[in-house]
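Residues or ranges marked as transmembrane segment by TrEMBL: 6-25. Positions annotated as domain 'FAD dependent oxidoreductase' by TrEMBL: 8-385. The feature region 'Disordered' is assigned by TrEMBL to 100-119, 394-413. The compositional bias 'Polar residues' annotation in TrEMBL covers 103-113. Sequence annotations record features per position, and here TrEMBL assigns compositional bias 'Low complexity' to 394-404.
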Amino acid sequence: MRETTARHVVIIGGGIMGCTTAFYITHGKRPKGTTVTVIEPSTKGVAQGASGKAGGLVAKWAYPKDLVEDSFEEHERLAEEYGGEERWGWRYVNCGSWEGKSESANTNPNTAPEGTKKKDLHKTAELDAVLAEIFAQPREKKGMPEDLDWVKEELSGHYTPMAELYDTAQVFPYEFTTSMMNLAMEEGATLISGRVTTINKADGQVTGVTYIDNETKQPTTISATDVVLCAGAWSSSLVPELPISSTRAHSIIIYAKEDVELSPYVLFTEIMLPSGETVTPEIYGRPNGEVYVCGPGDDFPLPATVDEVEVHKPACQSLWDSVTGISKELREGTLEFEQACYLPLLDVASGPVVGELSKVAKKLWVATGHSCWGICNAPGTARILRNGIMGDSPPRAASSLRPSKVLPGMGDD
Ligand SMILES: Cc1cc2nc3c(=O)[nH]c(=O)nc-3n(C[C@H](O)[C@H](O)[C@H](O)COP(=O)(O)OP(=O)(O)OC[C@H]3O[C@@H](n4cnc5c(N)ncnc54)[C@H](O)[C@@H]3O)c2cc1C
């Protein structure tokens, strides 16, 4: 039933889930007097975790299907309505798998720090393991599009498109997330700099949260009718029953030389090194000559806060060596950023859990475990939460993601 009295919503976490949820609540029908507060521990503001350091692919072929359908349409609408092209680099992009060889002998594929294990992010189905000996073949035989001119033709083995052009798009994830928060704040949302330490409850229902304020360093309590847990990889630090784990992944950002225009391609590569080993960096050509590259994950432990995430330099060096070994344009570019972040993974399913954790506490909502598709799936996720909190009928995707389905024992039907 639709809520008629003011809701006081506290959102834990200023990643894409928290900020987009704040946006949808403040931009939808809500009872008069409704308030929205986002609490984020980073002293640098929102989008400091995976949401600011992801690739930014938004794809119709992502998963889970229902959530993607809703999210993709919403991404298109948001871009149209709020100037996404200018504001967060929204554009359609070609996407394909590229197999070839590197001319650089530098690359060290063993990037995980000693004592940790390298982990695959499982974004694509296994790329074809076999690199055929066809480097001498003409461009068309290799499937190389005419305008994919920033990887060396003679190093290219084969290119396979993964989707039709309008089925894949991209955003700058940091700019998308901060824009969602700014738009929410224009409609009255508040951002608090602090770390939530407890979700407070009484009679089986949430009453608010307690957080350590970054400025005063004091514990402060804020009351709420609804609490939304969007703490990504850190979600189980506040609700220990949640089976959330994490994978650290590194990425780098390269700026091409000023006069170099890179055609819009995202490449899932398999690069054979001179040593015979292979590396599989993902390369995202972005607007304005920016190129994002990410690699495999590792199981380095999650630190207490996002500001304490450690960057393992050799992992970034390996990404640079891998991609500059196949592209002159990238080799002549500048390495601007080396960074790491943690992917939130739900241990019991491939997709996220989104809905009310009513068996833990009534009006405690959660959105986490989005693995490698959280940028894509944020709008659909936020719509499920908004509708749940306001008592409106849920979007179709909600049913398969709700806690009662994904985490039996944690939510009611
Ligand atoms: C290398 C890489 C590439 C990726 N590429 C893509 C892509 O191309 N497309 C795509 O769709 N997805 C991609 N993803 C996945 C995407 O980045 C994540 O699914 C998404 O960012 C998760 O968002 P989140 O808001 O749940 O988590 P986060 O972004 O981690 O945000 C959680 C926030 O909660 C805060 N927090 C933690 N503890 C507390 C607390 N106690 N109190 C208050 N706040 C707290 C944290 O500080 C953090 O800011 C990629 C991920 C990685 C790692």
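Glycine too: its Cβ is placed from the backbone N, Cα and C atoms.
Those TrEMBL annotations? Automatic predictions, nothing curated.
According to DSSP, the secondary structure content of the region 'Disordered' (394-413) in residues is 8 helix, 0 strand, 12 coil. Long-range Cβ contacts of the compositional bias 'Low complexity' (394-404) within its own chain (Cβ-Cβ under 8 Å, at least 6 residues beyond either end) map to 64, 66-67, 69-70, 351-359, 366, 380, 383-384, 387-388, 410-413. Confidence in the domain 'FAD dependent oxidoreductase' (8-385), given as mean pLDDT, stands at 93.
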